[in-house]
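Q: Got these off Swiss-Prot a minute ago, pasting:
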type     : residues                                         : note
BINDING  : R17, E18, L19, K20, K117, R515, C516, W561, E605 : 5-methyltetrahydropteroyltri-L-glutamate binding site
BINDING  : I431, G432, S433, E484, D599                     : L-homocysteine binding site
BINDING  : I431, G432, S433, E484, D599                     : L-methionine binding site
BINDING  : H641, C643, E665, C726                           : Zn(2+) binding site
ACT_SITE : H694                                             : active site, proton donor
Amino acid sequence: MTIINHTLGFPRVGLRRELKKAQESYWAGNATREELLTVGRELRARHWEQQKQAGVDLLPVGDFAWYDHVLTTSLLLGNVPARHQNKDGSIDIDTLFRIGRGRAPTGEPAAAAEMTKWFNTNYHYMVPEFVKGQQFKLTWTQLLDEVDEALALGHKIKPVLLGPVTYLWLGKVKGEPFDRLSLLNDILPVYQQVLAELAKRGIEWVQIDEPALVLELPPAWLEAFKPAYDALQGQVKLLLTTYFEGISDNLATIAALPVQGLHVDLVHGKDDVAELHNRLPADWLLSAGLINGRNVWRADLTEKYAQIKDLVGKRDLWVASSCSLLHSPIDLSVETRLDAEVKSWFAFALQKCGELALLRDALNSGDTAAITEWSAPIQARRHSTRVHNAEVEKRLAAITAQDSQRASPYEVRAQAQRQRFNLPKWPTTTIGSFPQTTEIRGLRLDFKKGNLDASHYRTGIAEHIKQAIVEQERLGLDVLVHGEAERNDMVEYFGEHLDGFIFTQNGWVQSYGSRCVKPPVVIGDVSRPQAITVDWAKYAQSLTDKPVKGMLTGPVTILCWSFPREDVSRETIAKQIALALRDEVADLEAAGIGIIQIDEPALREGLPLKRSDWDAYLQWGVEAFRLNAAVAKDDTQIHTHMCYCEFNDIMDSIAALDADVITIETSRSDMELLESFEAFEYPNEIGPGVYDIHSPNVPSVEWIEALLAKAAQRIPAERLWVNPDCGLKTRGWPETRAALANMVQAAQNLRQA
């Protein structure tokens, strides 16, 4: 029983974000379709070879996606919304891009599909749309083509396929209501056809991802797995793959399925290895997800070895990453600015492949010398002064219940704020960022590289802030923002100014489509050495008589969008960040900033996957936000922003944040999200996003008015704000001006109605 290793997937974007650059060049008309396809082929070939050279035995194929792997699955099944279809019914790469972003170099623009978070990660997927009577057929052969590519290169491979039940679970019904699970029998023939094609190619194992099996599923969904896999058995060996949590709740269902192997996440799940072994069929292969695919820390391989060694020789065993390495940066070796000590604490995707090779060899040979040597820096980190700060720990221990309470209830605060700001009905604002032009990015890059001194850099940023204020006043917006020209990323910027964080040069991970982020890493206790946003906010406010919002990223979002420490709880990290940003709120207020926005778009995505664990998370998540905000006086208006959220099941917690104004993403869901606020009788003010900033399409005045009219049917108009869905950083100025002008006009029309 020789143990082999494998990965569940590998980052797609390329070490230098080659895929992003190729996509955006193609969308802009500066590259041909063939040039784009060539970049994809080159990246796939490189990544397979890199994994192989790092010691991976069985390479994943089908993990590459031009936009998103769930969207790829939709195309595989021929599931293309009518508004995105080619006139001749064919599917091509532009079909995919129209679904993802609303437009492509060919075809008519149409509203993009809804986008939401992939389980509890920072990756976004395009939500499949289902209509009653829908038909499916194998049309998009990307998976088969890539299998052919890999086989031609001589690789030993394992195709990756999103499973049918999880695919349906992730989607939404459009039009006439019906149970989307009823489509299972309609999509299974396509899966059977794909598996038959893979069998023809000599494929032995297929990784079929069913991460929905880690959830507390409704009975009907859980019962659907058996007939689904009865239909899929027999053509190839199936590795049923779960990740992001444990499977103990659903183990009885899983063990009855006609598959040949099971992958479990032994990093994020609490499953007992011995229990898994005892309860799974004896002839099943067990793939042990021992290396964390979602973080950047070097693994303690001696600990991983001890966790699994008792199964050696007792059943077929593979060792693997916990999940796809999509969520990890690619290669630590190119990080030349990290000092040796900190660098020794990390492992990126390629290094994690190396860890799998070391672990495989130790388990096969019984020789633990190499894994003991690899794990030595982890012991040193546990005692490093770079990790522990006694003052932070002391302040955290001194928190009282009063620290997270505003001085007065909302009704009292709202009256004080109305008197202070005297805003019109339907007040207009934006979420924070304005277009990050080539000039702005160049300015920041020159400063970072040392090609520009601090004085000239600040002069340049000040000019862009001034331009943003002028643009907003010209458009007639009521509450302004400074535009965030100085910020590359809403989390990275704060991490750069807080002690306890470090940054990489090339630690990019995909967020959605061509968007990549470079998350900071929390390496130690968090504190604020000095004010972060005050100077720029104060400068922007000096340029106008209208209120300018102070802009902060909230503690839970900074935590969720960073690579966290693994030696303390997430609650501890969030509260440390909250205390640091609490001081920032006090300083902004003292500088005359009367409206302060604390963005928490990640509050919901941080929810544990098992609902039984939600209450504990929401309790400390809400407390962290309130700890951050509660220092504000009554006439200081606290805003928060959230996106990609389903709110109905956490409305108690949303209300408990006690923000004076909440702005939310609603345009792609056609204001459906407001149903939750209406049913809950949410008492504070709401800004439902009236257009989708992820698409370059400009909404008409009539479109925005119609959305606001829908909103006013659910929420009293006197408590409604008018704003885009999200920040405008990724958009260009022409479409930004046009969209905001229409938004302001719609608000003015409603005031006069």
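Cβ coordinates are placed from backbone N, Cα and C, and glycine is handled just like the others.
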Q: Looking only at I431, G432, S433, E484, D599, the residues listed as binding L-methionine, what is the longest Cα to Cα distance in Å?
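A: Max Cα-Cα spread across the L-methionine binders: 14 Å.
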Q: May I ask for the distance between R17 (5-methyltetrahydropteroyltri-L-glutamate binding site) and C726 (Zn(2+) binding site), taken between their Cα atoms and rounded to an integer number of Å?
A: 24
Q: So, in DSSP terms, is L19 (5-methyltetrahydropteroyltri-L-glutamate binding site) helix, strand, or coil?
A: helix
Q: What whole-number Å value do you get for the CA-CA distance of C516 (5-methyltetrahydropteroyltri-L-glutamate binding site) and G432 (L-homocysteine binding site)?
A: 19
Q: What other residues of this chain sit with their CB within 8 A of the center of the CB atoms of I431, G432, S433, E484, D599, the recorded L-methionine site?
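A: Neighbours within 8 Å of the Cβ centroid, excluding I431, G432, S433, E484, D599: T430, V481, M490, M551, Q597, H641, C726, G727, K729.
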Q: According to DSSP, collapsed to three classes, what secondary structure does K117 (5-methyltetrahydropteroyltri-L-glutamate binding site) have?
A: strand
Q: Reduce the DSSP letter at the residue listed as 'active site, proton donor' to three states and note it down.
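A: Going by the DSSP assignment, the residue listed as 'active site, proton donor' belongs to neither helix nor strand, so it counts as coil.
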Q: S433 (L-homocysteine binding site): which of the binding-site residues K117, E605, E665, C726 is the nearest Cα neighbour?
A: C726
Q: So the record assigns R17, E18, L19, K20, K117, R515, C516, W561, E605 to 5-methyltetrahydropteroyltri-L-glutamate. If I measure every Cα pair among those residues, what is the longest distance in angstrom, as a whole number?
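A: Site span for 5-methyltetrahydropteroyltri-L-glutamate, by Cα atoms: 28 Å.
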Q: Please report the Cα separation of D599 (L-homocysteine binding site) and H641 (Zn(2+) binding site) in Å, rounded to an integer.
A: 5
Q: State which of the following binding-site residues has the fewest other Cβ atoms within 10 Å around its Cβ: K117, H641.
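A: Across K117, H641, these binding-site residues, the one with fewest Cβ atoms within 10 Å is K117.
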Q: State the Cα to Cα distance, in Å, between the residue listed as 'active site, proton donor' and K117 (5-methyltetrahydropteroyltri-L-glutamate binding site), rounded to an integer.
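A: With the alpha carbons as reference points, the distance is 14 Å.
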Q: Using DSSP reduced to three states, classify H641 (Zn(2+) binding site) as helix, strand or coil.
A: strand
